[in-house]
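Everything below concerns the one structure shown next.
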């Protein structure tokens with residue numbers, strides 16, 4: 001097996017762990033709220049604390065990976081968030097839980113931008129969108145595993161044991177990554193000269209002297225894709241944070257039914273991401289990356305908005321599961337396109353650029369997480385805020401259609417050198 005595929009496999013494993021950890025709070029949410037006496041509006045702040053912390057440290061963490069190396073930064077990230085995942089088990093009230101989730105978010109920030117940086121250095125250009133598809137498919141597999149594994153674990157040992165077990169899992173991955181991975185493909189033990197040549201590109205991974213913030217933040221397309229991602233994130237963070245509670249308290253599912261059927265959207269997300277990665281690569285070969293990526297994002301998110309709105313009106317459990325699964329799968333079909341767009345815009349500073357985009361997404365996710373709880377507390381209606389989420393996703397579709405990822409950092413630097 002080629003070394004770059006082993007690297008991709010390790011990143012896929014981390015993506016699975018990341019999402020099991022991330023969704024643990026949502027899956028155990030009904031039990032935690034009952035145990036600690038937390039109201040819906042307070043629960044929105046518990047969920048939002050992680051998201052806003054993630055947003056605050058996203059860009060610095062992406063920049064540190066670009067400057068210091070992804071081996072070091074992904075090790076730090078994983079150890080930090082694993083500590084505070086385990087610490088969640090010791091929380092006794094709303095304030096302690098909110099604080100633990102905030103610190104967990106600070107640690108987890110930068111995971112995906114740094115993974116994108118690894119992909120940029122380790123995969124040939126023709127494989128990057130597909131690589132993003134694998135990473136995000138793995139995350140959705142983790143999302144599917146979360147209710148299937150954690151609901152029985154919680155039923156047997158309690159919700160606190162869930163967080164202790166997950167904290168240990170992250171430490172194991174960090175040890176393996178630190179011991180095996182190297183930032184530069186040429187430094188990787190056992191890699192062949194032929195594979196290094198096949199990878200090509202900038203082999204000075206993690207060796208930048210600094211991030212050219214003025215040039216990077218001066219890219220209009222980076223701001224445009226960040227804005228699009230912030231609206232898209234209303235849809236994704238509904239599923240990450242509120243969907244299990246929405247199923248139990250809004251749609252009448254039992255906790256056991258939630259544990260079973262709540263995994264279906266994430267399993268379909270695996271399909272969406274893998275298919276999306278292949279679709280991006282093939283369509284880009286035919287019509288170019290600018291048109292291919294924007295077209296996929298715009299069409300998929302428009303369809304997602306319609307499915308979410310229909311889901312908010314559905315009353316039958318079968319219909320809800322089908323609509324939720326379809327919405328998440330189609331929404332995830334565009335995810336490789338979005339991250340491949342950002343990688344193209346950021347160029348050699350893809351980790352930092354991805355951090356900017358994902359920060360914007362987390363800000364949108366924070367607003368969604370908190371506002372959703374307040375709307376539910378004020379109206380007692382779980383369908384109304386979901387309709388608002390659908391509108392935000394539709395706005396994202398329109399903005400993504402305008403992004404031109406061929407006008408990125410490397411294009412700007414070349415144009416500046418040529419005096420254009």
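Quick reminder: no glycine exception, Cβ is built from N, Cα and C everywhere.
Unlike curated records, TrEMBL annotations are generated automatically.
Check TrEMBL against the ranges 195-219, 320-344 and you find transmembrane segment recorded for 320-344. Across 42-65, 134-151, 157-176, 222-240, 260-280, stretch 222-240 shows the highest tally of CB pairs under 8 A with the transmembrane segment (356-376). Mean per-residue pLDDT, taken over the domain 'Major facilitator superfamily (MFS) profile' (7-407), amounts to 90. Relative to the transmembrane segment (42-65), the listed stretch 101-122 leads the set 77-95, 101-122, 134-151, 222-240 in CB pairs under 8 A.
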